[in-house]
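Peer 1: Below is a structure I'd like to ask you about.
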Amino acid sequence: RIRLSGTPRGEPPAGGGGSSIPAIDPGALQDVVALAGQVAAQVDELLRNVHCGLQALTALSVGCIQTYRDGVESLGEAADLSIRAMYALVARCEELDRAMQPVPALAKRIRDMKGTLERLEGLCK
């Protein structure tokens with residue numbers, strides 16, 4: 001529309017032969033300004049939407065990272081407690097093993113007593 005507004009009626013548009021600048025239609029210029037304003041408003045709205053979306057994604061990412069961090073800390077604490085409990089169990093088992101060391105000797109004495117009792121019973125019959 002701008003190109004056509006610069007050519008006089010009845011003459012074909014110049015292909016580069018004339019050196020004069022054609023006149024610009026003020027209506028076409030106003031249309032271009034109005035469209036540029038609309039495009040600018042739409043770009044602003046798009047940027048606002050992108051900004052809001054990025055803020056939401058950032059908040060979600062921060063929440064996920066905090067949850068992951070809390071999980072890792074909790075796992076570390078649980079592993080530490082499990083290791084301590086395992087060492088305590090091993091220590092108790094060692095104590096039990098030391099306490100049970102006289103049992104084989106007692107079992108041998110009991111077998112000897114049982115054999116002696118069986119012989120005494122055999123003599124009493």
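From the backbone N, Cα and C atoms, a Cβ is placed for every residue, glycine too.
Unlike curated records, TrEMBL annotations are generated automatically.
I grabbed these lines from TrEMBL:
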{"type": "DOMAIN", "residues": "22-121", "note": "domain 'BLOC-1-related complex subunit 6 C-terminal helix'"}
{"type": "REGION", "residues": "1-23", "note": "region 'Disordered'"}
Peer 1: Could you tell me the mean pLDDT the prediction assigns to the domain 'BLOC-1-related complex subunit 6 C-terminal helix' (22-121)?
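Peer 2: Here the mean pLDDT over the domain 'BLOC-1-related complex subunit 6 C-terminal helix' (22-121) amounts to 94.
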Peer 1: In the domain 'BLOC-1-related complex subunit 6 C-terminal helix' (22-121), how many residues does DSSP call helix, how many strand, and how many coil?
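Peer 2: Grouping H, G, I as helix and E, B as strand yields 93 helix, 0 strand, 7 coil.
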